Amino acid sequence: MGLDLDIEKEWDVELARHGELPKLPTASVLPLSRPATSSSEAPNRPLPPTPATKNASSRPTTAYSDAPRRPSPTRPPPLKPQAPLRMNPPTRPGTAASQGSGLYGPPRTIGSSKRLSWGTMASSRRPIKFGEGKYINVELVPQPSDDPDDPLNWPIWRKELNFGSLLLMVAMTGVMKTIFLTVNAQLAESYAVSYTSVAALTGVPLIMSACTGFVSLIVSRIWGKRPLYLTSLLLVFIGAVWNTNVASSYAQCMAARIFQGFGWGAFDALVLGSIQDTYFEHQRNIRITIYSIVAVSTTWGPPLLGGVASQSQAGFSEQFAILSVFFVLAVPAIVLGAPETVFDRAYTFAQTPVTGASSRYKTSLPLAPRRLLSVETATAYLAKVKPHSYRGTVDLSTLLQAPRALVAPTTVLLFLVSFLPYGALWGLTASLSLLFNPMPFVLSPSSIGALMTGPWLLATATVAAFSLARTWHTRFTPTAHMGAIAGGSLLAFVGVLTFGLHVDASMTPPADDDRSTTVFALGYLGAHVNFPAVSVTLALLAAGAAVLDATARPLVQASTMFTSSNLGVALRNTTDMGAGVGCWRALFAGVLVVAVPNAVWSWDGLKALCIGVAIAQMVVAAVVGSVWWLWGEEIRRWDGRVMRLVDLEMLKRAGSYFETD
């Protein structure tokens, strides 16, 4: 028996030496004892050690040797002392040998390094996945599923192909929106209609795009985004090709433009959501920046070239003829390169909550297997780009998500503080041909297009500056918010007021002039207008609108993170609220495009309009800014109430904030 004890002691020491068990003090190892058979021997006294021999059978016989030997008790594995949660070492990451032949291996119990959800304190049994390469220490947000069809798990070439395809259509829709700004006067003469009717060729499609964009948000919850992209592509294609041969019919031109407007809505409202569906948080900012720059630059830049193209013999139809060539790339890009990005991860995850415990041991995404281009791989890829592959739940709560986001307090306030500069920019640029094409200026379409240089350059630069500034989105404070509202409103105030006063002053003859007071008979007054200055004033107006628009993204994110139960709900609401602001602006811009020409027939009307817009913007900015400054948190709470997010029924399937819904 003494030999058994010695062997056990040596076994304990050897295990402690290799780190498998903590080394225990000698006194803590209690020897096994047998009942005493002699009254002279104390009970429970351990037997004296027996000298070890080479042959176990040569041991001396004792009184115990004849008795039946009881099997030695099995030594239970020692239990490690339980330390607090933050002190517990995590499970050691498995190796290829320990995980077997599976692709991912058994899940490990690792806590997320993100903050606690306000409804759970349990540990998660879900493995936490991390990035690759230089992002090896970055926890992936949102966490992807193990399904290879999850857009977050797509190879990078597939993500970029999808992004590039959508970006091409965003650029083409931007070109179409402002395609008539430089030729409105020529269209009015060609169609023999009023200038207001011609301005409606731009305003009505904008109104239609606002409506279809809002409808797209609702429909995408049920059937996904891809069917809407394909339908919108078809509508835009029909409208653009139709517009190449409508030089003699105003009704056909309007019908073609309505087709285009119906198609613009999906690409205005859903592309941001597709970016969020496809990219992780650390990959998303640069794509959103590119998307924002392309959307702005392709809206206000093309009139520079469109005016030149419209001076050809084909007239404005030449612009659509050139634009139609790009459908050779756009059609196959959307059909083959833009698969469905809506993916429900709620049913691929075990809905277990996550604690705030972090881990030193990290699991990265497995490398995708290499695939050579072949008939089999091409066939497998084409099988995944079906026209329709997603079906969501059809219920009242799902259908009302987008309408509630449209009327959320943050959405409405963002619209109110920015709609006047945004609408004034559209209305005044749509009236440039009315103001400067007749006598005494007689500016050609190319010269009117040159006036768009300022808005194009300054608006693009402003959007790029705010999008690339990391601290603008990560450290957005109330002080920065108030500064942006004040700065953007001041730029818009100076731009629109200077535009109206300068043009009116240049076209008003002196009171003591004895020549004819008919404006169009005073050719010498046309030389008093400084057209580079006109371009600069429009640039200031565009920059002011861009600064105010830059507050939308951080404010919407702050609201959704404050009210949403998890990351999936937050991303969905971010898309809905951002698109809601865009729909409100497009709707109001379309109205002003049609209304402003009626107000600026006379120079006095232009002056009165610009003064009124400038003063109204400062008043609205002061009121809205005060509301945000005084009741910012209450506004976010009301967002949650309006969108029905502050409700425990919505949290039944939710675990952590950083999980999907």
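Each Cβ is built from the backbone N, Cα and C atoms, and glycine gets one as well.
Listed in TrEMBL for this protein:
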COMPBIAS  52-64  compositional bias 'Polar residues'
COMPBIAS  70-81  compositional bias 'Pro residues'
REGION    17-118  region 'Disordered'
TRANSMEM  163-183  transmembrane segment
TRANSMEM  195-219  transmembrane segment
TRANSMEM  228-246  transmembrane segment
TRANSMEM  258-276  transmembrane segment
TRANSMEM  288-308  transmembrane segment
TRANSMEM  320-338  transmembrane segment
TRANSMEM  406-428  transmembrane segment
TRANSMEM  448-468  transmembrane segment
TRANSMEM  480-501  transmembrane segment
TRANSMEM  521-548  transmembrane segment
TRANSMEM  582-600  transmembrane segment
TRANSMEM  606-631  transmembrane segment
Winner by Cβ pairs under 8 Å against the transmembrane segment (480-501), considering only 163-183, 228-246, 258-276, 406-428, 606-631: 606-631
Non-local residues, at least 6 beyond the ends, that sit with Cβ under 8 Å of the transmembrane segment (258-276): 162-163, 166-167, 169-170, 173, 176-177, 204-217, 220, 225, 228-229, 231-240, 242-243, 284, 287-288, 291, 338, 341, 571-572, 574-575, 578-579, 582-583, 586
The transmembrane segment (163-183) vs the transmembrane segment (288-308): 3 or more CB pairs under 8 Å: yes
Surrounding residues of the transmembrane segment (320-338) on its own chain - C-beta under 8 Å, 6+ positions past either end: 161-162, 164-166, 168-169, 172, 175-176, 179, 226, 229-230, 233, 237, 240-241, 243-244, 274, 309, 314, 382, 385
